[in-house]
Amino acid sequence: MTRDEALPDSHSAQNFYENYEPKEILGRGVSSVVRRCIHKPTCQEYAVKIIDITGGGSFSSEEVQELREATLKEVDILQKVSGHPNIIQLKDTYETNTFFFLVFDLMKRGELFDYLTEKVTLTEKETRKIMRALLEVVCTLHKLNIVHRDLKPENILLDDNMNIKLTDFGFSCQLQPGEKLREVCGTPSYLAPEIIQCSMDEGHPGYGKEVDMWSTGVIMYTLLAGSPPFWHRKQMLMLRMIMDGKYQFGSPEWDDYSDTVKDLVSRFLVVQPQDRCSAEEALAHPFFQEYVVEEVRHFSPRGKFKVICLTVLASVRIYYQYRRVKPVTREIVIRDPYALRPLRRLIDAYAFRIYGHWVKKGQQQNRAALFENTPKAVLLSLAEEEDF
């Protein structure tokens, strides 16, 4: 058993062990382990996040105090947003001299990232449901002046009905009126341009809640395309792409999506934060508008007859278009199989079945390797790297 797998001493954490029985590991963070646990009085399953604030004894006293304060701040924010249907619920907390135990709802469906790895890409309908719920969460947070700062598919959990729960508020912060942040934190491929600029320019005014909207745009693009909008194997070049806002709708997957969904993505991925779409504005976007039955006008008999005529004409036109379509021959399939939508999805699905184990298997492996993510990556000194 490794140090990470070892459980805290039962004597020092007596109150926790009296109420909960820890089980297998579900995930890991930089200084924490998430386990499934059983509530002894009710036999109910939960997830417990066990945070070692000493770093296994490697942290200095200042670092221990800093991590302790950060954990208390996370607990405070979770309590302030308690009750929201799409935010993970904090059920219980325990504290010792070296550990915190945070007990949450158990989301058995796992991370949105794993679901996306399995599905490759999502339909507009699936994306609409997930993004509407996520934007409603972000809207609630921003009304409380809370910025999450680490929005990504790994921090979005799913229940059995595909409802989402936002989790991991470790980087979250509640801003005072007019306050700006300068700390560089988050996951590289989801960082907003202004966060990167803060690390390079001491005179930069800082950033605010708008960084969450940029990350939301990256998530939406990734759900639809199956890969992030900004990616390069060299991290510095990827960060430059982010700062320049250089992305494209060039992959074949985008041919299957409407201009409406592309328009919403482009409103999120705006380099200047003041021009970026807010959560409230995004929810009013046509992509989320649906017909309400009561508001659909009733047709007159003449109108119904007109609809019938148009339907017949459309059916005839579709029939003749079908007759004119050239059959898919063996030569066409051999020449460009990826141009055919059914084959494209089949190829992608089998490619992920073959290579997916390289990404998400193994307890010590980074589950986000597919997108070059680094969980809890803090870019402390980008300016010390090669110049842009």
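Glycine is treated like the rest: Cβ placed from N, Cα and C.
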Given Swiss-Prot lists LEU26, GLY27, ARG28, GLY29, VAL30, SER31, SER32, VAL33, VAL34 for ATP, the same-site residue among LYS49, LYS73:
LYS49
Quick one: which of 118-142, 143-167, 168-192, 343-367 does Swiss-Prot have down as region 'Calmodulin-binding (domain-C)'?
343-367
Specify the nearest of the binding-site residues LEU26, VAL30, SER32 to ASP150 (active site, proton acceptor), where nearness means the distance between Cα atoms.
VAL30
Among LEU26, VAL30, VAL34, the most crowded of the binding-site residues [Cβ within 10 Å]:
VAL34
Greatest inter-residue Cα distance in Å for the ATP-binding set LEU26, GLY27, ARG28, GLY29, VAL30, SER31, SER32, VAL33, VAL34, LYS49:
14
At a 10 Å cut-off from the C-beta of ASP150 (active site, proton acceptor), count the other C-beta atoms across all protein chains.
25
If you run the three-state DSSP split on SER32 (ATP binding site), which class comes out?
strand
DSSP state at LEU26 (ATP binding site), helix/strand/coil:
strand
